Amino acid sequence: MEGGGDGKGRAATAAGGGGFGGYESAGDRKWWPWLVPTVIVACVAVFVVEMWVNDCPRHGSALGGGCVAGFLRRFSFQPLRENPLLGPSSTTLGKMGALDWNKVVHQHQGWRLISCIWLHAGLIHLVVNMLSLLFIGIRLEQQFGFVRIGAIYLLSGFGGSVMSALFLRNNYISVGASGALFGLLGSMLSELLMNWTIYSNKVAAIITLLFIIAINVAIGILPHADNFAHIGGFLTGFLLGFVLLARPQFGWLERSELPHTNQPPKYKPYQYVLWVVAFVLLLVGFTISLVMLFKGKNGNDGCHWCHYLNCVPTSRWKCDT
């Protein structure tokens, strides 16, 4: 799925070249990735501000104990018993814009559905998310450009926040770019399905991608992970992939070499169908979810088993902490 210069599409071999599913189109433009690095720098800068505001030596910890990495002074971390991810207190995260159901619904702070995407609970949380964004996002931005990938990233993060608020309600606060990252994974899967006919290694690609997604969702059922944000972001990105990441069929790329009467359409019929279905589902899904959220509805009321999607209790841990 990389760009070239001779104006003709071709299937890549399994040995190398091409994109995730074994396709390389010389007619595609290859974009210079700048948005993803900018997002990474922005998230790192926001985390630095979080620690500046937190000021552990001055404010201490409600659970007691000394600050971690005290030599960092104002930027030192809360005690591990309070935040094992090496980060600020939940109070600081709340001040900075963490997702809080009560403040979103009752105090009309809907901006938290977006602001929480840029916050991270700790240094470990930040590093894991930014490395994931680097490996996933750079490739996608090279292939599809900053506008489409930026839209998928932000809307997926927003979709993850909405689903998280609907199901977690006022029991927790939530921060992180995980929903947006899962949206990028979802868009990779739908892009593969949307452009199915132009890939060579499609079966291997889809198995690999589904395995990566399954592992990440499985990690999300552990305590302290917000799997509802993961699922909401993934579903949003999956639908957006059908809307934004369609590729022209091979024949259209060589249209200048064909008689006018033999020129094929840019997209295949099934691509148009998937585009319409995904667009309608996006509109309906966001409308229903936002209406439910701002009316104070609890998503668990209509789905009594959905809480297991976020955390599965075992003899080793509980899910109500």
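Cβ atoms here come from the backbone N, Cα and C positions, even for glycine.
Annotated transmembrane segment per TrEMBL: 31-53 (among others), in sequence order. Packing against the transmembrane segment (31-53) from elsewhere in the chain are residues 72, 74-77, 87-88, 92-93, 95-96, 118-120, 123, 126, 129-130, 133-134, 137-138, 141-146, 149-150, 153, 177: each is 6 or more residues past its ends and has a CB under 8 Å from a CB in it.
Per-residue confidence over the domain 'Peptidase S54 rhomboid' (108-246) averages 87 (mean pLDDT, predicted model). Positions annotated as domain 'Peptidase S54 rhomboid' by TrEMBL: 108-246.
The transmembrane segment annotation in TrEMBL covers 117-140 (among others).
Listed by sequence, the residues of this chain that lie at least six past the ends of the transmembrane segment (146-168) yet keep a Cβ under 8 A from its Cβ atoms are 31, 33-36, 39, 99, 101, 104-105, 112-114, 116-117, 137, 140, 174, 177-180, 182-184, 186-187, 226, 228-237, 240-241, 244-245, 285-286, 289-290, 292-293, 297-300, 306-307, 310. Residues or ranges marked as transmembrane segment in TrEMBL: 146-168 (among others).
Sequence-distant contacts of the transmembrane segment (180-198) (same chain, six or more residues past either end, CB-CB distance under 8 Å): 9, 11, 20-21, 23, 25, 117, 129, 132-133, 136-137, 140, 149, 152-157, 159-160, 205-206, 209-210, 212-213, 216, 229-231, 233-242, 244-247, 249-250, 268, 271, 274, 278. What TrEMBL lists as transmembrane segment is 180-198 (among others).
The transmembrane segment annotation in TrEMBL covers 204-222 (among others).
As annotated by TrEMBL, transmembrane segment applies to 234-252 (among others). Beyond the ends of the transmembrane segment (234-252), by six or more residues, the same chain brings 9, 25, 28, 144, 148, 151-152, 155-156, 158-160, 163, 179, 182-191, 193-195, 197-198, 213, 217, 258, 263-268, 271, 274-275, 277-279, 281-282, 285 to within a C-beta distance below 8 angstroms of the stretch.
Beyond the transmembrane segment (272-294), the same-chain residues lying 6 or more positions past its ends with a Cβ under 8 Å from any Cβ of the stretch are 104-105, 110, 159, 162-163, 165-166, 190, 193-194, 235-236, 239-243, 246. For 272-294 (among others), the entry in TrEMBL reads transmembrane segment.
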Cβ contacts under 8 Å made by the transmembrane segment (117-140) with residues that lie 6+ beyond its boundaries: 19-20, 33, 35-37, 39-40, 42-44, 46-47, 50, 77, 83-88, 93, 96-98, 149, 153-154, 157-158, 161, 175-181, 184-185, 187-188
